[in-house]
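Trainee: Would you mind keeping the following structure in view while I ask a few things?
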């Protein structure tokens, strides 16, 4: 295990000292590894946080919640929750050199459940997020043709209700009240072959299963050698989507009607700020798009060198992420404005979010463009890459957590590769359920409950409370100062102490109050047991935090049978950081290393150890 203490180098600079790992070396334990350079870390994090949510969720939320006015609550959550928690998790990983579970064990054992909660979310996320890649691959392969298969009603999967929009007047080639478009029929009858409910799963869609298998094979080989392979792959997977986004942006803004679409995207409606739902949407979008509370940032940060300037990296990555979301809105809504003008319908009828944008709205727009197969290939290749690096970083997060929990088992030759293979195979097999004819209903359950904003908010509350109030915000600032050479902006510390837990708690409670049962396509209502299954998925992660704390308290040997002073002292031991964490030398670089307790202020000594 990569344990570190501090010492003084010959040039007077305080450096972490790595103790000799005699037992592990005797047993042939491999080194944990580091990024070869800063760029690998930056691109890996960028690939993780800049994903599908930037393209198919943020622009729609802007349009839905008051256009430019939505940026007000978005920026509030960005600076009170997004940036502080982003820095907290990244710095925690860099400071402890541990994954998403053991990092929390080292700074506060009683809150180790935070790590288990985040990994439970990642386990569920790994199963269903990659399904989107399977769909995107299916569309990508279907785009290698002269005429796109969702462009007309003459295919075997089309029904008599299939009608096409006239490009000029928006009228339908028919008068049926049940009329559907070829894009929707391709999605529901060719790709999904969707059944009438979750109770009828039906047959497995073998074509999608092969696409899912291909996605998992690509994901496996992207991370099978750890940071050595991941650091190289992200040079392509994290940068090429930007090229595609720029190409689509240039094409979009040059289309007729683009200005109208961009106006709908940005025109501010300040009255929407009085709606609490707007603020909840802004908060959940921050947590979705910044990949916080998943353990991914902790895992990626743990491969940094000790003196890497994680504070500067975090600020740059946060603003890059938000900027990408903003620019993606221009690319998407310029296309939607073009659709609105060509079909002669309001933009509200073509604006969609989530899979509806990627697999219905945008494919419909592509059909109207010259050289439509080319633009379809560009778009779906971008979707695949946006989802791919987010997926394999999540798998890397889980694998890193397991390896750090059991280093003597997995940190040996070929053991890590076998572990990744096992995770991939199990996740693939479970994911096949979502590729049945009723699999879309299962997918929505996972998406709505398993990795919902509610779960992420719950974890964020305890993360900020643990670091700020139990471990000590000032002490964590001391740790960051020891790593980067200066103290971050003081506002971030006060966010950890007050703003982040308060804002997250308020948003969490509001999401409970405003909870509405899940529906599909605003028509199908899930049975009671479907909602119950969804809540079990949500609680599977949230329950880890209190359950672990109660377990640790319950396994203390006799604390409640001893006098109160001694029992409290034993409980405080569960709140004490590990002794082998890097130690800051407060006396100056020329002074000898000091015990860890000399770093604590009086109040921290009394409340911790």
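Placement of Cβ uses the backbone N, Cα and C atoms for every residue, glycine included.
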Trainee: For which of the residue intervals 261-281, 345-365, 366-386 does Swiss-Prot record transmembrane segment?
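Mentor: Transmembrane segment, as annotated by Swiss-Prot, spans 366-386.
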Trainee: To which of the residue ranges 233-253, 569-589 does Swiss-Prot assign the term transmembrane segment?
Mentor: 233-253
Trainee: Looking at 169, 178, which one is marked N-linked glycosylation site in Swiss-Prot?
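Mentor: According to Swiss-Prot, the N-linked glycosylation site annotation belongs to 169.
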Trainee: Test the contact criterion for the transmembrane segment (233-253) and the transmembrane segment (68-88): 3 or more CB pairs under 8 Å, pairs 6 or more apart in sequence, then answer yes or no.
Mentor: no
Trainee: Can you work out the mean pLDDT of the predicted model over the topological domain 'Cytoplasmic' (549-609)?
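Mentor: 63, rounded to a whole number.
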Trainee: Which residues of the same chain, at least 6 past either end of the transmembrane segment (68-88), have a Cβ under 8 Å from a Cβ in it?
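Mentor: Long-range Cβ neighbours of the transmembrane segment (68-88): 61-62, 266-270, 272-273, 278-279, 281-283, 285-287, 290, 292-293, 297, 310-311, 314-315, 317-318, 322, 460, 463-464, 467, 476, 488, 491-492, 495-496, 499-500, 503-504.
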Trainee: Report the listed stretch (41-61, 282-302, 366-386, 528-548) having the maximum count of Cβ pairs within less than 8 Å of the transmembrane segment (490-510).
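Mentor: Maximum Cβ contact count belongs to 282-302.
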Trainee: Tell me the Cβ contacts of residue 269 (N-linked glycosylation site) under 8 Å, same chain only and six or more apart in sequence, or just say none.
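Mentor: Within the chain, residue 269 (N-linked glycosylation site) has Cβ neighbours under 8 Å at 66, 67, 69.
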Trainee: Can you tell me which parts of the same chain pack against the transmembrane segment (41-61), counting only residues 6+ beyond its ends and a CB-CB cutoff under 8 A?
Mentor: 35, 70, 90, 132, 230-231, 234-235, 237-239, 241, 245, 265, 281-282, 285, 288-291, 296-297, 300-301, 303-304, 308, 313, 316-317, 320-321, 324-326, 328-329, 331-333, 351-355, 357-358, 382-383, 386-387, 389-390, 393-394
Trainee: Could you find out if DSSP has residue 269 (N-linked glycosylation site) as helix, strand or coil?
Mentor: coil
Trainee: Using a Cβ cut-off under 8 Å, which residues of the same chain at least 6 positions beyond either end of the transmembrane segment (121-141) come close to it?
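Mentor: Distant contacts of the transmembrane segment (121-141): 52, 100, 191, 207-209, 211-212, 214-216, 219, 293-296, 355, 358-359, 363, 376-377, 380-381, 383-384, 387-388, 390-391, 394-395, 397-398, 423, 427, 430-431, 434-435, 439, 443, 446-447, 450-451, 455-456, 459, 537, 540-541.
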